[in-house]
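**Student:** According to TrEMBL:
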- 125-262: domain 'Glycosyltransferase RgtA/B/C/D-like' (DOMAIN)
- 39-57: transmembrane segment (TRANSMEM)
- 152-168: transmembrane segment (TRANSMEM)
- 180-198: transmembrane segment (TRANSMEM)
- 204-234: transmembrane segment (TRANSMEM)
- 246-266: transmembrane segment (TRANSMEM)
- 405-425: transmembrane segment (TRANSMEM)
- 432-453: transmembrane segment (TRANSMEM)
- 459-478: transmembrane segment (TRANSMEM)
Amino acid sequence: MALSWGGLRELPASLTAAPAPAPARALLRAARAFAQPRVAIITLCVIVLAGFGLRAAQAADPGRYLSSDERSYARVAVSIADHGSYQPAGTRDPWHWAPGTPVLFAAAHLIAPGLDGDGSPQELRSAFWAQALVGTALIIAVYLLAAGIAGALAGLLAAGLIAFYPPLIRATGDLISEPLAALTLTLAMLALLAAWRAPSLRRLGLAGAALGVALLVRADLLVLPVVLGACWPLGARARAGGLRALGQGALLAAIPLLIVLPWSVAASAQAGRIVPIASSGPSTLFVGTYLPGDGRMSGVREELQLYVRRNITNLHDVRTANIPGAYVIRAYIRERHPEIIPAPHRAIPEDRLRAAIAFEARRNLKTYALHEPLAFLAMDARKAARMWAGPYTGRYGARSGWVRGWHLALVGLALAGALAGLLVVRRRRGELALLLVPILFGTLMSAIFVAQARHNLKVLPLLVAAGAAGAVLAARAVREHRRRVIVADPPGEQIVVRDRRPRPQVTSPAAR
């Protein structure tokens, strides 16, 4: 007979559902066990201790060589700790680096000066232990972020992946800003999701303040609060109203900038020019928009090496790969803008150099973005891919096939889990989408400026948390979906119909 909507009802899954395979039942039992509070806490402690052990081993033996950026971070940190100054002797532009990481290293130097030998920047061993503690705290923060969305199982999965991810362990032995940026950004998103679930002035203020701290660690996040503030009303207007949601978004965008303002005012006053957070913008934009060099420093170095040979005589015999990037840009500017050179064999004043680099970056945009748009967009796409296609390998650049495979599998599975959660689960869709905003923003910044594999470190924990939470939520939704069975009901009985989507119960005409 023909069946109408009123002639259907839902039977209990225990009467109709086929038994799950043995591996699936075992996995389900394990998932339920890990969801128990005591088991979850014990497992998290084991993961955190193991993660700290791996990072402590790296901090104890970080290696002797320091890159130019690492030496600069160390010099600024020692200057802050010993002299209370952000301008160490012999440094032309200390404002090139955001203050968060040097302040962390300075605090470590003050707390444990005995680890630092003679106290020189080359012996700043306490900073590596600070990196180890930051990396360990990141494991806990990622657990809280994923568990807050999808429960303890998702939190343990995300924490385990971050604890044993080789590039994050390797980053402990490098004086770079990405580990601290990852921690502060994860904590900021944790506070932001708390404000999303129960908006209040206090929670929004806390989330904005946490975002402001993240900005002080990484200057390339400066526009992120504005982006988050613009995205906030899109999801909050249905429950809070359009005007109130706009106000919440504006507050979220403004508070981080207010947190940054005192530093910006002080740095600008000492530098004699406007310093939003750091002053590295023009040079990175020039490199990122130079199409012949494919937006890479190595490509720019190869293309412009002749400028170095002609203008810096003591680098004639240096291999191209070993020429510092700053010297390449300075040599290029000396030849392209001789009018700003004060005298032969004299250095270009810093303010004029920055203005000339900014001019050349704008010239790149006019020349390549407007006249070769397809090639320029293809370069940007390659830069975005470079950010994610390979793992961070440390200052030595030693690549390992299994680490690359681990990285690609982690990124792919995390992305698949996040997308599955977005597509399948409605209730947490807003939280997952909000968590993906910094990831998309970071990828866009790498496409515009210079893309490096280490740039994925600051947003990878967010992707892992979103992937673990999305995968667990999607698995639960699929399991609940399979438990619902719709069958025909004999005439004359009351019929209760529940669709796979939530909707009001319907009573059949026969029952009426």
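Cβ coordinates are placed from backbone N, Cα and C, and glycine is handled just like the others.
Remember, TrEMBL labels are computer predictions, not curated facts.
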**Student:** Cβ pairs under 8 Å with the transmembrane segment (180-198): which stretch of 39-57, 204-234, 246-266, 432-453, 459-478 has the most?
**Tutor:** 204-234
**Student:** Which residues of the chain, 6 or more past the ends of the transmembrane segment (246-266), have a CB below 8 A from one of its CBs?
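**Tutor:** Same-chain residues near the transmembrane segment (246-266) but 6 or more away: 99, 192, 195, 199, 201, 204-205, 207-209, 211-216, 222, 225-226, 228-233, 236-237, 240, 274-277.
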**Student:** Out of 39-57, 152-168, 405-425, 432-453, which stretch touches the transmembrane segment (459-478) the most, going by CB pairs under 8 Å?
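**Tutor:** Per the Cβ count, the answer is 405-425.
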**Student:** To the transmembrane segment (152-168), which of 39-57, 405-425, 432-453 is linked by the most Cβ pairs under 8 Å?
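**Tutor:** Highest pair count goes to 39-57.
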**Student:** Using Cβ atoms and a strict cutoff of less than 8 Å, what residues sit near the transmembrane segment (432-453) while being 6 or more residues removed from its termini?
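**Tutor:** Tertiary neighbours of the transmembrane segment (432-453) are 145, 149, 167, 185, 189, 192-193, 196, 220-221, 223-224, 227-228, 231, 235, 284-285, 287-288, 295-297, 380-381, 383-384, 386-393, 418, 421-422, 425, 459, 462-463, 465-466, 469-470.
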**Student:** When DSSP states are grouped into helix, strand and coil, how many residues of the domain 'Glycosyltransferase RgtA/B/C/D-like' (125-262) land in each?
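**Tutor:** Reading the DSSP string over the domain 'Glycosyltransferase RgtA/B/C/D-like' (125-262) gives 121 helix, 0 strand, 17 coil.
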**Student:** Could you tell me the mean pLDDT the prediction assigns to the domain 'Glycosyltransferase RgtA/B/C/D-like' (125-262)?
**Tutor:** 95
